[in-house]
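> Sending over a structure as C-alpha cells; questions will come in a sec.
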Ligand code: KG4
Ligand code: ZN
C-alpha cells in the first residue's frame, strides 16, 4: 500500500476525531464523543461541544499517533475540517491543526466536512465510480450530492430546508419519551406496522417537486407525529409505540430513498453512496436494497464507524487532495461554518 501519510482532524460537531491514513489505507481512527453531555438537552449544545473538544483534542491526537505507530516527522500532510459545522467547535480543530503544522513543519489542508463523508468510502471500497450520487444524512446535515470528482467537482442537488433527518429522529424520540440520540432507539422501537399511520412525506407534492425536487423537509413530519400523539393521549386512545415509530421511520426513509433514486435516474447515475449517522438505519438500508436494483443503482456505504463523524474521513480526503497535487491552504485560513459543498479545499 502506498500514498501520502496524512493526519486528519475533525471537530465540526460533537465528535473529536483524529484519523491517520496512508493513501486509501486506514491506520488509526480515534474518536471522543461528547454526546452524553448533550443527552439531557435532547440535542448538541454548541458551547458544551467546544469545551469538550478542547479537553479531548490532545489526548485523541496522541492516541491516534500511538495506534498508527506514526512519528509526526513522518507525516506528509495534515488535513482539518474547515467547515461546515459549529463555529466554536471547528475553531478548536483548526487551531490544533495550524499549531501542529507549524510545530512539525507540515503542509496544511483545510477541507470540507461533507466531502469527507464521501471520501471516507475510499478507505473501505477503493476508487469511487463517477459520477456518483451521495446521500449524507446525520444529525447536522441532509444533503444529496452529485460527485464527478471527489477532490474538485461536487454539486449539491438538494438539502434539507429545515431539520436534518437525524434531528427529526432526535426530536421525535423526545416526543415519544425515548432517549437521545433518537435514531438508534426509534430504529429499535419501530417494531409495529409502517403503514399504521399515514404521516406526511415532506416536499413530495407535485408543486413542491417543481421547486424542491431534491430538497428535504422534516419539520412538518415531526410536528405531525407530535400532534398525533397529543390527540391520541387527549382522547385516551390506546396506541402502540411500535406503530408510531415504524410509521415515522417509513416516512423519513421513503422520502430519502425516493429522492435519492430519482436523482440517480434523472442524471444517469448508477452508484449511490450513503453516509452520516442515519446511514446506519436498518429501514433505510432495507428499503434501498428493495428499490435500488429496479432503478439500476448500486448502493455503497462505508462501515458504520466510518459513517458517523470521524477524523479518518478528513485524513482520507486530505490524502486524495495531496495525491491530486492540489496546493495547501493558506496559513491564515479560518473556519467557515457554512462552507458550501462545492468548496472541497479552502
Ligand atoms: O453523523 P453523526 O454521528 O453526527 C452528526 O450529527 O453529524 O449522526 C448522528 C445522528 C443522530 O441524529 C442520530 O439520531 C442519528 O444520526 N442516527 C440514526 C441511527 N443511528 C444514528 N438515525 C436513524 N437510525 C439509526 N440507526
Ligand atoms: Zn457529519
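Any Cβ shown, glycine's included, is placed from N, Cα and C.
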> Hey, TrEMBL has Fe cation bound by 113, 117. Any idea which of 262, 309 it lists too?
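Given 113, 117 bind Fe cation in TrEMBL, the matching entry from 262, 309 is 309.
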> Among 29, 267, 281, which residue does TrEMBL annotate as binding substrate together with 136, 137, 138, 139, 140, 170, 183, 187?
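Of 29, 267, 281, 281 joins 136, 137, 138, 139, 140, 170, 183, 187 in the substrate site that TrEMBL records.
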> Using Cα coordinates, what distance in whole Å links residue 138 (substrate binding site) and residue 309 (Fe cation binding site)?
9
> With a 10 Å radius around each C-beta, find which of these binding-site residues (140, 183) has the fewest other C-beta atoms nearby.
140
> Select the closest residue to residue 136 (substrate binding site) from the following binding-site residues, measuring between CA atoms: 113, 117, 309.
117
> Any of the binding-site residues 113, 136, 140 with a C-beta atom under 6 A from ligand 1? Give them in order, or none.
140
